[in-house]
């Protein structure tokens, strides 16, 4: 029998190679490619600055405004109480990461599936987590655009040379930065970005603190004592109630790190002798110490300086010295670049898992480029459409952050750890659950009302006042 022609044989070999390559790609271990689990060599301090980047973001700038809606007594109680509760629930998540010997729950929804069941766990966790992470990225689009606009408005004062550039275009400029950054493959690959973002957050928080303290000292001098008013700005009962609800959501938004904590912990190596919870908790403690420094300082001095006249973003209220306020706003823009990526990474992980496992796309650069770019553009579009910082904080803070931060960890703890009924631990968890549920039900109402109020005076894709 004669052998096949050389050209035909070559084509057969090439086709066989292509088939083997396709099979190899289809059967590749997704954990070695997906962004959450593809790198597990992080140090404890990686978790520290990832958590600082995730938490000390847009939320800290809205705390003085939340104080203005609550007043000194209730505002202090809510901010400090939220700090204590969220530190406790964050500890619970870190402890439950390896609650089953030899197994790691690398994603929030995986722990939820273990606690609630395969299907119910997905339905409980994934929608909430997506609301939080996508909602946060939308808010950060708005924050980044507002901060860049504020820098421009402060530094470019010549009427003949400076154009009045719409907020819409600043959001587009901010989004353009994320198109290349979104292609970084995993958490560890954005460690430098996250570290820079954490440094920026600490710096601009201290600028807001010192500038507000200086402003407050000036306002409370003998000649200007009457300039600051701490009475609730809204005089109607309904207005006060909605203001309180919106403020509760803004405080909830400020404590946002829980939604990515398991994904951050997944990047830390773990052995039976050296479980990941030890370095992770070390990083969390450092992060929360910095959170306390930033949150309490900015919240109290910002409200002290401006009273009920404080803007939803305290840096907007600060006008002098111009160069310092401009620098702080630029730092905010740099910081939310990192924060956006930290919150986007779990979304990328979910998207790519579904695209490869369910829709049978081939994992690779092309898939990552298209999927992640589409996500960036989608959050940009929503941010351009609804650039309402204070309302977005309240709405997303209550609707998404309250469940995943305040009470879902406690419910899972009761299911998995089974503390003694009516014991101290049981009562603490039940208390946190009640607070979280009330927060989830109440605060989105205030945020939604604020958004509706802002929409009435806003022209879509036109000039924004903020």
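Any Cβ shown, glycine's included, is placed from N, Cα and C.
Cross-referencing 264-284, 369-389 with TrEMBL places the feature transmembrane segment at 369-389. The stretches the transmembrane segment (72-94) and the transmembrane segment (285-306) meet in space: the count of Cβ pairs below 8 angstroms, excluding pairs fewer than 6 apart in sequence, reaches at least three. The stretch in closest packing with the transmembrane segment (285-306), judged by the count of Cβ pairs under 8 Å and taken from 44-66, 190-214, 326-348, 423-442, is 44-66. Against the transmembrane segment (326-348), stretch 190-214 shows more Cβ pairs under 8 Å than any other of 44-66, 190-214, 369-389, 423-442. Here the transmembrane segment (423-442) has Cβ contacts under 8 Å with residues 85, 88-89, 245, 248-249, 252, 398-399, 402-403, 405-408, 410-411, 413-414 of the same chain, all six or more residues outside its ends.
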